[in-house]
């Protein structure tokens, strides 16, 4: 159950990271509220997952999900570059996340 909660926390991290972009420095109300709620929920769920998972593993997986998810949405939604090096690097991060799950 802790792993499912951790994945949800990571997905919420993606929402708040993208929300930061759409909030324009917290100058737009609705994206700012969504961002702050997602931040709080993400950190709360991360802390809850850490009750059962090693802190280093949980934090690395959480940030990895956030980094990969945010980069993918940056490419898809925001028109950020999708170079081969970037895609391969995201694949390496994803492989690391999977490796941490398998090792714990």
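Going from the start of the chain as shown, residues are counted 1 onward.
In case you wondered, yes, glycine gets a Cβ from its N, Cα and C as well.
Since the structure is predicted, the reported quantities are computational estimates derived from the model, not experimental observations.
Features as listed in Swiss-Prot:
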type	residues	note
TOPO_DOM	20-28	topological domain 'Periplasmic'
TOPO_DOM	49-54	topological domain 'Cytoplasmic'
TOPO_DOM	78-81	topological domain 'Periplasmic'
TOPO_DOM	101-104	topological domain 'Cytoplasmic'
TRANSMEM	2-19	transmembrane segment
TRANSMEM	29-48	transmembrane segment
TRANSMEM	55-77	transmembrane segment
TRANSMEM	82-100	transmembrane segment
- Taking residues 6+ outside the topological domain 'Cytoplasmic' (101-104), which of them lie with a CB under 8 Å of any CB in it? 3, 53-54, 57, 61
- Task: Find the average pLDDT over the topological domain 'Cytoplasmic' (49-54) in the predicted model and report it.
- Result: 97
- Query: How do the residues of the topological domain 'Periplasmic' (78-81) split into helix, strand and coil according to DSSP?
  - Reply: 1 helix, 0 strand, 3 coil
- Query: What residues in the same chain, six or more past the boundaries of the topological domain 'Periplasmic' (78-81), come closer than 8 Å to it by Cβ-Cβ distance?
  - Reply: 21, 71
